[in-house]
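Student: Sharing a structure here in structure tokens format.
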Amino acid sequence: MTIALGKFTKDEKDLFDIMDDWLRRDRFVFVGWSGLLLFPCAYFALGGWFTGTTFVTSWYTHGLASSYLEGCNFLTAAVSTPANSLAHSLLLLWGPEAQGDFTRWCQLGGLWAFVALHGAFALIGFMLRQFELARSVQLRPYNAIAFSGPIAVFVSVFLIYPLGQSGWFFAPSFGVAAIFRFILFFQGFHNWTLNPFHMMGVAGVLGAALLCAIHGATVENTLFEDGDGANTFRAFNPTQAEETYSMVTANRFWSQIFGVAFSNKRWLHFFMLFVPVTGLWMSALGVVGLALNLRAYDFVSQEIRAAEDPEFETFYTKNILLNEGIRAWMAAQDQPHENLIFPEEVLPRGNAL
């Protein structure tokens with residue numbers, strides 16, 4: 001008896017095969033299965049943001065003007081978070097809050113929940129798109145892994161942090177000035193700049209910028225002479241098969257500058273991947289900690305001595321006073337529904353006063 005080994009082929013294509021052929025067809029803009037998640041979610045997230053910043057007020061949720069229609073500009077317009085009283089409601093258009101009324105839904109902050117959720121799924125869809133394309137052209141999936149850093153930051157800041165607090169109200173609104181105010185809030189209420197996870201995030205992002213600048217300059221400096229052109233771009237031939245720069249020369253240069261240098265390209269480029277992605281993940285972990293109200297570094301001995309000795313003050317104790325001022329001002333302004341009134345004697349003052 002003979003057993004034939006071979007690839008099983010179906011006589012005719014089923015619906016899945018037809019869909020797969022169409023979605024993964026070679027075209028100018030790749031769609032793919034990930035596109036079924038990415039494109040609708042990105043469209044709705046961006047559309048919701050443009051709609052909110054153009055037309056929708058924040059009067060009912062924050063007591064603010066936040067749209068172009070009310071006189072804001074690109075830096076001050078925002079899609080604001082729902083009111084504190086709505087807690088963690090999903091704010092569905094057909095839910096008990098809006099009851100199908102689109103105008104009321106916008107007034108309650110429904111667009112923020114809409115943009116945040118669709119934005120998160122759009123980012124995940126973009127990462128899956130990189131996985132799918134990498135698999136199609138037989139690349140390793142490090143682009144997608146790197147993009148997990150921005151996704152982690154977005155999800156931790158816009159979703160996990162407010163879930164740990166009393167409601168979506170305490171998430172950032174989607175706007176430039178709104179994000180700045182959220183950063184001030186993080187500093188005043190969480191002392192974020194003295195949080196070790198924030199420090200690792202700053203080191204990762206700024207370190208990555210430094211690495212990019214050094215790497216780009218080094219490659220430009222060690223390019224081979226490919227032709228008689230007047231500059232790098234005229235002389236460069238995009239179809240040449242050989243390498244365009246000298247790793248040996250670059251290694252020798254940085255060995256003389258620093259005493260150490262990367263010995264091969266794999267280690268160099270992995271390090272350029274590792275530094276920013278690790279920084280972003282550390283920042284995301286720190287924000288998850290803030291969602292649970294974990295504290296940053298506290299130098300209590302300095303605070304006690306500053307309270308006892310009017311002549312003793314450090315940059316740390318000055319910053320603690322500044323944080324108290326931020327809390328005293330922002331709490332009353334951002335949460336008018338709480339009717340917070342601080343008497344003059346509890347407002348922070350420097351030791352000199």
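Note that the numbers count up from 1, one per residue, in the order the chain is shown.
Backbone N, Cα and C atoms are what each Cβ position is placed from, and that goes for glycine too.
Relevant sequence annotations retrieved from Swiss-Prot are reproduced here:
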MOD_RES   Thr2  N-acetylthreonine
TRANSMEM  41-61  transmembrane segment
BINDING   His118  chlorophyll a ChlzD2 binding site
TRANSMEM  125-141  transmembrane segment
BINDING   Gln130, Asn143  pheophytin a binding site
TRANSMEM  153-166  transmembrane segment
BINDING   His198  chlorophyll a PD2 binding site
TRANSMEM  208-228  transmembrane segment
BINDING   His215, Phe262  plastoquinone binding site
TRANSMEM  279-295  transmembrane segment
Student: Check the binding-site residues Gln130, Asn143 for other C-beta atoms within 10 angstroms of each C-beta and report the one with the most.
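Tutor: Output for this query is Gln130.
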Student: Of these binding-site residues, His118, His198, His215, which scores lowest on Cβ atoms within 10 Å?
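Tutor: Selected from the binding-site residues His118, His198, His215 on minimum Cβ neighbours within 10 Å: His215.
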Student: Any same-chain residues 6+ apart from Phe262 (plastoquinone binding site) with CB under 8 Å of its CB? Would you list them in sequence order, or say none?
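Tutor: In sequence order, Asn251, Trp254, Leu268, Phe271 meet the Cβ cut-off.
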Student: At the Cα level, what's the spacing in Å between Gln130 (pheophytin a binding site) and the residue listed as 'chlorophyll a ChlzD2 binding site', rounded?
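Tutor: Approximately 18 Å lies between the Cα of Gln130 (pheophytin a binding site) and that of the residue listed as 'chlorophyll a ChlzD2 binding site'.
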Student: Please state whether DSSP places Gln130 (pheophytin a binding site) in a helix, a strand or coil.
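Tutor: Looking at the DSSP assignment, Gln130 (pheophytin a binding site) belongs to a helix.
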